[in-house]
Each structure stands twice: as C-alpha cells, then as structure tokens.
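Below is one structure, written out as structure tokens; comments come after it.
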C-alpha cells in the first residue's frame, strides 16, 4: 500500500508530477556518461540483483544487508517531491521508498555518530562512464546525521509504483528533496556512520562550486549561473522559468536544521 | 583521391552552405516544437547551435592547412563557412537570451559576473566586424588590412573553444578535444606551413 507522509504539507497537492517518460529519459548519472540521454542508453547493462548494502562504522549491527531483506523490513510509501538540479532545471517526481531513518534504525546508530557517508557501486565493466576520469570514482556523498534522520529524507526504490529504472539509481538511491539533485546519490552499496564530515564527490572535484551542504537556495548563486529561477522540465520550448524556492519549497520542514548557520559560507 | 575531391568541390556551389546553415536553426526550432529534441528542448537547441558553430570555426581554420599540406582546395567555401558560423553563434545567443535566461536584468549580470559567458560574449563581439566585412567590396576597400583584420578568427576560435571547456562539469574529453583542435590548427601556422601544392595534376 502507498501511505502518505504525515507532515503532508511538504508535498503540496498542486504539484503535478512529470511524466514517466520525462523522468526516465533525462538524467545526470555520470557513471553512464555525461549527456542527459546517456544513462537511459547505457544503464540497462547494470546488474542490480543480487544487491547488497554494506552498513558499517558507528552502528550496533554492522554488516552486509541483502536488498531483499531490507525491502522485507521496510514500509514502502509514495512521496511526491520537487527535484531541483544544481544546473537550474527541475522536475516533480512521485517516488516510492522508505525513510532513511528506518534503515539506519535497523543497523542501530551509535551515540558517537555525527555524519552518514554513502557510496555508489564501482563496476566499470557495466558502468561505462566510470572508464573515464570525469569524477574520482566511486561516487561518494554525505549528510549530517540530523539531515539523514529527517522524515523527508527518503531511500527510493520505485517511481510511479514501478521498480526504479537503472538510470534513476536502481535498486536504491537517496532522495533529499531540499538539496540539489547531486546530493541524492544513486545505486548505493555502502553506508558508513562516522563522526567526521565525509568527503563528497562534487566537492572534491570543484569545491568552490559545490559545497557539502548544497541546500537549494535562490539567494546563493552557483559561480557560473544564477540559482534564482529554474526551468521545469516538460513545459516545452517556450516554457517560462519559475522562481526557485528556499530549500526547494521545504523551508518549513527543514529550516530549523540550519538555524544560526551562514548559508553563504556553508553552501 | 585529392584530385577527385578537388574536382568534386569545384562542382559544389557555395550557396549550398548558406542554404543548409541558414535552414539549420529553423530545423532545430521545428524539432523542438515537435518533441524531437527531448524533454529540455531549449537547452538542446542552445547546445546544438553552439557546438555546430564551433565545428564550423574549426573547419574554417583547417582550410589553409588542408590546401598547403595535402593539396585539398576548399578555399571558395571559407567565407560561407565563416559567415554561417557567425549566424549560428547569433542564433545560439538568441536562444540563450529568449528561451533560456529570459530575464533581461539577469542577462547583464550574467555577462559581467560569469567568466564563461564573458568569454563567449567577447568571441561573439569579435565576430561582428568579420561578418560585416565578409563581402567583395570590403575585401577590395580594405586591401592588406582585410587580411590582418580577419586574423581575428584565431582569437574567436580560441575563445569559442575556451567557452565550451569552461562550462563543462567534471573532467570531460569532448570540449578539450575541440579546444585542442583549435590550438593545433593555430600552432601549425606559427612555423609557416610547407606547401605541397605544386604536385603534378596528371
């Protein structure tokens, strides 16, 4: 069954989801190439079963968790979220998945943990983009523990009620709707609880442009373009740009996480 | 083989370039309106026009080396290639202004604040005098100065290549190959290109 989020204000009912075709044909997943159509073209080579997620670091029950075991333990619900790419385009996506918090609880987070580090599969024989040094593979990402435990933070395993396609990050990916899309790491094989801020791929590649936090913020520009507005995919050639919302429209839910922080400095 | 290509090139009228180049932005517009450019047609159009223009600039730079090094004579197409490159850059700029950025106040901010846009814009501005003087009257009127003025294409091509490299995310080969081609085609000019033109025509 598809339950709805309790704090349902976040998924404002006026949000019209993008079509399945739009969501699966226009992707940034550099493990399959840098073009927006490359993932749809090459991701079919990826084997997603069997799949294991290693959860280690500061947890009570570290180990290799089989994907099927995880799915058996989780409650899948639908979340319709805005998705805002750092490149200033956006979509609305009806994800299916479970709260990251539930998975972390399964492993038992220890008191000392402050951050969560994530890692994508590294398998260049199937992920053709990994044969080029576009980024330092494997792709890594990270969240502060309170961000990871937030009820909006999702592990997605489906879209439109169907199994998530490979180009969208099968079999399970992170979705942090108030952050730029690249924070929502795909095809996760490892989750590590740590007390140090973990390195993140785009920050390593271009630290001046991509910070650890990368919260959607119309007032803090990317050095190469403005973040004040965005192009919503699906509007056609003459679509008007729309204003970008603070924290991608989830300000009420998440602003308190960053109280007192200078968001220009911690971009 | 080269002789056959030269014979073939002699038969192709120059207006073919203007016809294809002139129609290209409208072809893209039609594709964009009919769903042929994917789900983000404005960006696809912007990128296609920019990339095509850069390819033409590189082709234009290759004409003299091709003639001197392998005896392939495409010189009669060079003006058409250059003017078409300008036309595609202009279309690229218009798509960026009208379909992508949309807000006029933001455009000025972008031009001044964002180096890759400053560089692209400078390349476009430098093309204007070249486009204006791409006619027989100007060639006669300016004489030697015309040749000097049109060496600006070297700078324009470098700026175009650089503009592409600067907007890439992560380490990408494609824009580097374009910039590399420009640099290579300029470097072989530094020493003066040895001529093999005088080969027998038999």
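Heads up, the Cβ atoms here are built off N, Cα and C, so glycines get one too.
Nobody curates TrEMBL annotations by hand; they come from automatic prediction.
If you check TrEMBL, you get these features:
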DOMAIN    B:56-160  domain 'Ferric oxidoreductase'
TRANSMEM  B:12-33  transmembrane segment
TRANSMEM  B:53-70  transmembrane segment
TRANSMEM  B:82-104  transmembrane segment
TRANSMEM  B:116-132  transmembrane segment
TRANSMEM  B:152-170  transmembrane segment
TRANSMEM  B:176-193  transmembrane segment
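Relative to the transmembrane segment (B:116-132), the listed stretch B:152-170 leads the set B:53-70, B:82-104, B:152-170, B:176-193 in CB pairs under 8 A.
Mean pLDDT of the predicted structure over the domain 'Ferric oxidoreductase' (B:56-160): 94. Within the same chain, residues 2, 21, 77-78, 81-82, 84-85, 88-89, 92, 153-154, 156-157, 160-161, 164, 178, 181-182, 185-186, 188-189, 193-197 sit at least 6 positions outside the transmembrane segment (B:53-70) and bring their C-beta atoms closer than 8 Å to a C-beta of that stretch. Within the chain, the transmembrane segment (B:152-170) has long-range Cβ neighbours (under 8 A, six or more residues past its boundaries) at 50-51, 53-54, 57-58, 60-61, 82, 89, 115-116, 119-120, 122-123, 126-127, 129-130, 176, 178-179, 181-183, 185-186, 189. Using DSSP to sort the residues of the domain 'Ferric oxidoreductase' (B:56-160) gives these counts of helix, strand and coil: 92 helix, 0 strand, 13 coil.
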